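Q: Structure in structure tokens, see below.
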Amino acid sequence: MLTQDQLKLAVAKKALEFVPEDAIIGVGTGSTVNLFIEELAGIKGRIKGAVSSSEASTARLKAHHIQVFDLNEVEKLSVYIDGADEINHHLHMIKGGGAALTREKIVAGVADEFICIADEKKYVTMLGAFPLPIEVIPMARSYVARELVKLGGHPELRQGVTTDNGNVILDVHGLQIMKPVELEETINHIAGVVTCGLFARRRADVLLLGKQDGVEVLR
């Protein structure tokens, strides 16, 4: 039986098939993406470089001598490759376990195609078992938490974490997310919220799902 790490490695390798020649690609953040970066290093001569969604991924890319571009220098990205904490059958996701959700959402928004790489444990019928991360301006933390309670959630400050943008993360427990697009818009309209970890309005276009019998490609 394959371990979770072996499933992650399988999808990381499969993702190379979706990397166009001579392109600048978007690269996400997290344990599965770290494996993808290791694989990407083997074909780095085929690409121009990458736009990164976090300081951690930037450091890892640079360690492999892959050129990292500022997003403001890049007009478009053909593809963005990132993991997910949960993903449903409609390819809506919860992301932000690594606290990079805002930059991930920005880079994903620029890309023509979003490729999600995940193992089968992340594939769910309903989002919400994984606590929903919300990036919040620090002075608004208590207000935003009260508003999230009104939506039926139980927000908890992620201790000791400051995002790359200098903000805090509230992890919202206890949500059964029936309508991800609507909830994403509702939370994002709360004053003080930078963004929430629902990726439903900009969902994945392709899911590379690591399973015991191989990598399944879902669209």
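Yeah, the Cβs are placed from backbone N, Cα and C, and that goes for glycine too.
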Q: So Swiss-Prot lists Thr29, Gly30, Ser31, Thr32, Asp82, Gly83, Ala84, Asp85, Lys95, Gly96, Gly97, Gly98 for substrate; which of Lys122, Lys150, Lys179, Lys211 goes with them?
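A: Looking at Lys122, Lys150, Lys179, Lys211, the one Swiss-Prot places in the substrate site next to Thr29, Gly30, Ser31, Thr32, Asp82, Gly83, Ala84, Asp85, Lys95, Gly96, Gly97, Gly98 is Lys122.
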Q: Given the substrate site residues Thr29, Gly30, Ser31, Thr32, Asp82, Gly83, Ala84, Asp85, Lys95, Gly96, Gly97, Gly98, Lys122, which other residues of that chain have a Cβ within 8 Å of the mean position of their Cβ atoms, reported in sequence order?
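A: Near the substrate site, the remaining chain residues are Gly28, Val33, Ala118.
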Q: If you count Cβ atoms within 10 Å of the Cβ of Gly97 (substrate binding site), leaving out that atom itself, what do you get?
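A: There are 21 such Cβ atoms around Gly97 (substrate binding site).
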Q: Specify the count of other C-beta atoms within 10 Å of the C-beta of Lys122 (substrate binding site).
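A: Taking all protein chains shown, Lys122 (substrate binding site) has 24 Cβ neighbours within 10 Å.
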Q: Which Cβ among the recorded positions (Asp82, Glu104) has the fewest C-beta neighbours inside 10 Å?
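A: Per-residue Cβ counts within 10 Å for the recorded positions Asp82, Glu104 bottom out at Asp82.
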